[in-house]
Amino acid sequence: MTALDIIIMAAGKGTRMKSRIPKVLQRLAGRPLLHHVLGQAASLQARRVVVVTGHGATEVEAACAGLAGAGGTFDLKFVRQEPQLGTGHAVQQATPALAGDGTVVVLSGDVPLTQAATLRALVEAGAGERLALLTVRLPNPTGYGRIVRGEGGTVQRIVEHKDANDAERAIDEVYSGIMAVPAQRLAGWLARLTNDNAQGEYYLTDIVSMAVADGVPVAAHCIGDALQVAGVNSPAQLAELERAHQRAQAAALMEQGVRLADPARFDLRDDARSGARGEILCAQDVEIDVGCIFTGRVELGEGARIGAYCHISNATIAAGAVVHPFTHIDGEKAGAHVGEGALIGPFARLRPGAQLGREVHIGNFVEVKNSTLADGAKANHLAYLGDASVGERVNYGAGSITANYDGANKHRTVIEADVHIGSNCVLVAPVTIGAGGTVGGGSTITKDTPPGGLSVARGRQVSIANWKRPAKQAKG
């Protein structure tokens with residue numbers, strides 16, 4: 001493959017999105033559209049990528065900071081198109097930043113689903129000497145530039161929809177907005193562009209007729225999958241591509257043997273907070289019920305079962321673990337781990353730094369954050385464990401909490417092995433509960449407790465016989 005530079009068109013306003021966010025920063029699978037296209041550039045091992053910005057340029061450029069070479073080795077540059085005078089004008093702004101040799105591929109920043117294999121085939125069709133166009137046949141080509149062919153089926157020109165006559169509008173083969181151009185020819189063709197058309201713009205597509213006039217072969221690489229070249233101009237189109245993308249990811253998982261209760265109700269997304277790409281690694285016999293969302297990098301061990309409507313981010317679920325419905329596991333940057341055979345939920349919440357051992361039970365409305373629970377520990381109802389180290393076989397009662405924050409600093413609670421914590425207890429950190437000990441229900445523990453003992457810290461019960469409740473006073 002010849003040396004490759006890429007221009008990405010990202011100057012459009014996206015008026016139909018009705019959003020303050022620039023169109024190319026709208027998210028698909030948790031990642032901005034433009035990031036998907038930059039990923040395509042990385043897959044082609046591009047030498048240099050030039051992003052043409054316009055509306056929201058500052059935001060777009062900031063959103064791409066640090067992405068140069070992500071998954072590849074390209075040099076990332078930005079140029080601004082002000083004002084926006086058409087696609088040809090946009091490429092004119094970018095060419096000074098290119099090396100001037102090899103092949104230049106032009107991509108659209110709002111076309112996120114083009115496959116790397118498709119782009120490689122397009123580049124090969126151009127071979128550094130021909131002008132290669134990526135085309136597709138559409139049942140309703142309204143709004144797209146038509147591919148006009150001459151005798152023998154050779155491409156003669158592209159005519160934009162607004163400039164097309166009735167015969168040309170009947171053509172169903174359309175230009176996708178993606179092309180591969182011999183770099184040494186590009187500057188000369190751009191210099192000959194005019195804006196003598198219905199839009200009063202400089203069309204990049206006019207270089208096709210110039211190539212024909214100059215005797216440069218024009219190749220059309222026509223694909224059958226229109227979703228690969230579908231752009232985003234409205235929330236409805238974004239939703240359509242989101243579902244197409246998620247269906248493809250679901251299909252790939254099922255090919256690996258994962259049981260999805262309903263592939264139409266499965267989502268895998270990037271994590272914008274940690275920067276982790278959406279990736280799910282599944283062992284054999286994994287089952288995922290409906291409505292689950294996976295964010296960032298998630299590993300599911302052999303026989304793991306995920307109940308309906310769970311949200312799992314940056315976490316590892318070990319073999320045989322069961323996550324019951326409506327559970328939220330969010331490892332964020334610190335990660336979260338659920339051990340083999342553990343039972344989680346329903347309605348449980350594991351936060352960053354939650355590390356659960358084998359056969360741990362975390363029940364409904366229990367929250368665990370930055371805490372380690374050793375094998376066999378249980379917190380089955382309505383409890384909070386934050387900044388805690390919990391030993392083996394601990395039973396942590398309903399309504400109990402670790403008071404880990406003093407208003408300025410976090411402190412740890414240590415609960416040693418075989419401890420029984422009664423219901424509605426408060427463990428005020430820093431504090432250690434000795435091995436085998438018991439804390440009586442309703443206690444507020446502020447000091448370390450000895451191993452094997454019973455610790456009770458609560459007001460003494462007082463019962464008053466024959467006590468009369470206050471009576472309501474008569475009104476008026």
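Just so you know, glycine gets a Cβ as well, placed from its N, Cα and C.
Summarising model confidence by region, the region 'Pyrophosphorylase' (1-235) averages a pLDDT of 92. What Swiss-Prot records for 1-235 is region 'Pyrophosphorylase'.
Per Swiss-Prot, the feature UDP-N-acetyl-alpha-D-glucosamine binding site maps to Lys23, Gln81, Gly86, Thr87, Ser108, Gly109, Asp110, Gly145, Glu160, Asn233, Arg351, Lys369, Tyr384, Asn395; the stated evidence is sequence analysis. Counting every protein chain shown, the number of other Cβ atoms lying within 10 Å of the Cβ of Lys23 (UDP-N-acetyl-alpha-D-glucosamine binding site) is 27. Secondary structure at Lys23 (UDP-N-acetyl-alpha-D-glucosamine binding site), as computed by DSSP, is helix.
Cβ neighbours within 10 Å of Asp110 (UDP-N-acetyl-alpha-D-glucosamine binding site), excluding its own Cβ and spanning all shown chains: 28. Sequence annotations record features per position, and here Swiss-Prot assigns Mg(2+) binding site to Asp110, Asn233.
Outside the region 'Linker' (236-256), and at least 6 residues removed from its termini, the chain residues within Cβ reach (under 8 Å) are 17, 26, 28-29, 112-113, 227, 230, 263-264, 266-268, 278, 280, 282. For 236-256, the entry in Swiss-Prot reads region 'Linker', with the evidence type sequence analysis.
Summarising the annotation, Swiss-Prot assigns region 'N-acetyltransferase' to 257-476.
Swiss-Prot lists His381 with the feature active site, proton acceptor, giving sequence analysis as the kind of evidence. Within 10 Å of the C-beta of His381 (active site, proton acceptor) we count 15 further C-beta atoms, all protein chains included.
Summarising the annotation, Swiss-Prot assigns acetyl-CoA binding site to Ala398, Asn404, Tyr405, Ser423, Gly441, Arg458 and lists sequence analysis as the type of evidence. A coil conformation is recorded for Ala398 (acetyl-CoA binding site) in the three-state DSSP classification, outside any helix or strand.
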Candidate binding-site residues Ser108, Glu160, Tyr405, Ser423, pick with smallest Cα gap to Asn233 (Mg(2+) binding site): Ser108
Long-range same-chain neighbours of Arg351 (UDP-N-acetyl-alpha-D-glucosamine binding site), Cβ under 8 Å, sequence gap at least 6? Asp330, Glu332, Ala336, Glu367, Val368, Lys369, Asn370
List every residue in the same chain as Tyr405 (acetyl-CoA binding site), at least 6 positions away in sequence, whose Cβ is under 8 Å from its Cβ. Gly386, His411
Nearest of the binding-site residues to Arg458 (acetyl-CoA binding site) by CA-CA distance, picking from Lys23, Gly86, Glu160, Tyr384? Tyr384
Looking only at C-alpha atoms, tell me how far Asn404 (acetyl-CoA binding site) is from Ser108 (UDP-N-acetyl-alpha-D-glucosamine binding site), rounded to the nearest Å. 50
Using DSSP, break the region 'Linker' (236-256) down into helix, strand and coil residues and give each count. 20 helix, 0 strand, 1 coil
